[in-house]
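Copied from TrEMBL, the annotated features are:
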{"type": "TRANSMEM", "residues": "6-32", "note": "transmembrane segment"}
{"type": "TRANSMEM", "residues": "44-62", "note": "transmembrane segment"}
{"type": "TRANSMEM", "residues": "74-95", "note": "transmembrane segment"}
{"type": "TRANSMEM", "residues": "107-129", "note": "transmembrane segment"}
{"type": "TRANSMEM", "residues": "135-155", "note": "transmembrane segment"}
{"type": "TRANSMEM", "residues": "167-188", "note": "transmembrane segment"}
{"type": "TRANSMEM", "residues": "194-215", "note": "transmembrane segment"}
Amino acid sequence: MAIQHPLTLAFGLLGNIISFCVFLAPVPTFYTIYKRKTAEGFQALPYVIALLSSMLYIYYALLKEEFKADATFLITINSFGCVVETLYIALFLFYAPKKARISTLTLAFLLNVFGYGLMMLLTHFLATGELRLKIVGWICLVFSLSVFVAPLGVLRQVIRTKSVEFMPFPLSFFLTLGAVTWFFYGLLIKDYNIAFPNILGFLFGIAQMVLYIVYKNTKKVLEEQPKVQELSEHIIDVVKISSLVCPELSPVVLQPTLDITNDMIQAVQNIIVMAEKTEEAKEAMDIDASTKV
């Protein structure tokens with residue numbers, strides 16, 4: 001391993017460790033799929049593209065090795081990525097609905113089999129030497145951008161549903177951290193096909209974490225909101241009944257405020273006061289009736 005600069009070694013090792021965590025970050029997502037026994041609501045596109053990106057970078061790294069450039073870090077982490085992403089896709093296919101299974105298989109065949117095979121054939125027979133390395137490098141750059149752009153579908157789903165159920169935070173966190181690490185690694189070895197895509201990866205990672213913070217409690221609030229509304233309607237019904245039983249009492253008017261809990265407490269207190277007044281009125285009527293008798 002002919003790495004001269006110690007920072008290059010440090011960022012290369014750190015990049016491998018973080019990328020290892022990135023590849024394992026979707027494990028909770030697939031555990032959820034396993035528990036539900038269905039992959040409905042989840043997307044396989046990020047894993048298909050990530051697999052293709054790992055395959056491309058292995059090819060790129062092997063070409064770099066031909067020019068005596070050390071690419072050990074690229075080979076090790078992307079080999080691991082190929083194995084893990086393949087397992088993810090297999091699990092998704094096993095639990096996916098029929099329509100999603102067919103579309104995923106079609107996509108995987110077009111990109112990972114036909115597309116990758118065609119790229120290797122064309123670059124092998126139509127380009128040689130450094131030109132082949134540059135072409136494959138640009139292809140890797142484009143697909144690295146695709147890996148970072150792929151979660152845009154998930155971001156759109158989070159904004160539409162106001163739920164982060166399908167966007168695990170660990171994946172977003174390690175994606176951002178890994179983007180920073182690989183950017184500096186590519187910058188140190190002067191390989192901009194590695195450095196440049198990670199700028200976009202950093203920006204998308206930040207965007208995902210911001211959305212997670214914004215919407216992480218939304219689902220819980222939406223689940224509790226119908227119960228609060230039901231209780232409010234129940235209180236209003238009680239007030240109406242009280243007004244019918246004792247019409248001389250002033251009806252309670254619920255003023256809308258920002259804090260619905262305070263309104264509910266005030267309404268309950270008013271009901272208690274009305275109940276006490278009703279009881280007093282009833283006792284007074286009983287006393288008058290006994291006096292007349």
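From the backbone N, Cα and C atoms, a Cβ is placed for every residue, glycine too.
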Positions on the same chain near the transmembrane segment (135-155), where near means CB under 8 A and six or more residues out: 43, 45-46, 49-50, 52-53, 56-57, 59-60, 63, 119, 123, 127, 166-167, 175, 179, 191, 193-194, 196-198, 200-201, 204, 207-208, 211
The transmembrane segment (74-95) touching the transmembrane segment (167-188) per 3+ Cβ pairs under 8 Å rule: no
